[in-house]
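Here the structure is laid out as structure tokens; the discussion comes afterwards.
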């Protein structure tokens, strides 16, 4: 390994040590190289972000809509159920958690309605 | 096909935490046996188990990150915090040795001849090898930054050259320290001076060796193109660690080698 390392270094010297690299890569090129290098979930995340999706894993807190029975808050999920937390009032100091299942909308104890809909996993 | 509905890395079951615990126990027992019976065989076995655990565990992490792509941005953030907290704990580790040094040196006891350095101790001249070592570590800080910028610019040849130079400077530092330990006119058993000097500089030297190994692993991974311009945390962690070791040396040089002599 040591001789391999030394050979690798020495083979690069004459071509590159003599000039100064002042050119810097554009942000675009750095992203392209890095995305080509990546794989798996990391790559899927990078591609989603490059496509303009800043929230590929659906991690953000949703702003509640009207939340009536006929117009419930829509919650996406790739599964049959999702644990959701409702901040019932603006100045509430706790979060009310409940399981939301696919099918009929469900009401939080504060009165707001929620409905689970299908979402595609990344 | 697994559903990717979250960005976290759910790790597989692994035997390495268990073999790591085994190696830690064997290491303490091996040291005690070595100290008391002058017999290093259990210690050697412990070093072997430790080495095997480290190689296999970190090999698995390289597979999970570079080849399986499990390290999403949020996983990287967790690794960053882990490394930051680890280095903070290391800072506190060294703080205790500086505490011991200043405790003994700021009001030297009557047993030390009420002077620092204690009577009978002839310390090193800080402007010979220690100053050279300062220059070496500061230069290695420059070359590692050069390596980092080359990685970010996708300049593979220069990143290899700069990282190679950094490792050589690390080895040069270690050999000079070894030479100076060999030449030292005092030992770890020579008063609070020898004790604080060798414990503080010895643990620093050990950290330089660990840092050089960390950088060498990065060099091998760099040769195999494991690092991309915006994902190379293994290298960044090694660089943070190297800078930490560098800064500890500056404090050692200023307080123990220079002020303390």
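Cβ atoms here come from the backbone N, Cα and C positions, even for glycine.
Per TrEMBL, the features are:
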type     : residues  : note
DOMAIN   : B:4-261   : domain 'Heme-copper oxidase subunit III family profile'
TRANSMEM : B:41-58   : transmembrane segment
TRANSMEM : B:79-102  : transmembrane segment
TRANSMEM : B:127-148 : transmembrane segment
TRANSMEM : B:160-182 : transmembrane segment
TRANSMEM : B:202-227 : transmembrane segment
TRANSMEM : B:239-259 : transmembrane segment
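Tertiary neighbourhood of the transmembrane segment (B:160-182): same-chain residues 124, 129-130, 132-133, 136-137, 139-140, 143-144, 146-147, 150, 198, 201, 205, 208-209, 211-212, 215-216, 218-219, 222-223, 242, selected by CB-CB distance under 8 Å and a gap of 6+ residues from either end. Only residues 6 or more beyond the boundaries of the transmembrane segment (B:79-102), in the same chain, are considered here, and those with a CB under 8 A from a CB of the stretch are 71, 195-196, 199-200, 203-204, 207, 233, 237, 240-241, 244, 248, 251, 255-256, 260. Counting residues 6+ beyond its ends, the transmembrane segment (B:239-259) has Cβ neighbours under 8 Å at 83-84, 87, 90-91, 94, 98, 101-102, 123-124, 126, 130-131, 133-134, 137-138, 140-141, 144-145, 147-148, 166, 170, 196-197, 200-201, 204, 207-208, 210-211, 214-215 in the same chain. Here the transmembrane segment (B:127-148) has long-range neighbours at 158-159, 162-163, 165-166, 169-170, 172-173, 176-177, 179-180, 215, 235-236, 239, 242-243, 245-246, 249-250, 253, 257-258, meaning same-chain residues at least 6 beyond its ends whose C-beta is under 8 angstroms from one of its own.
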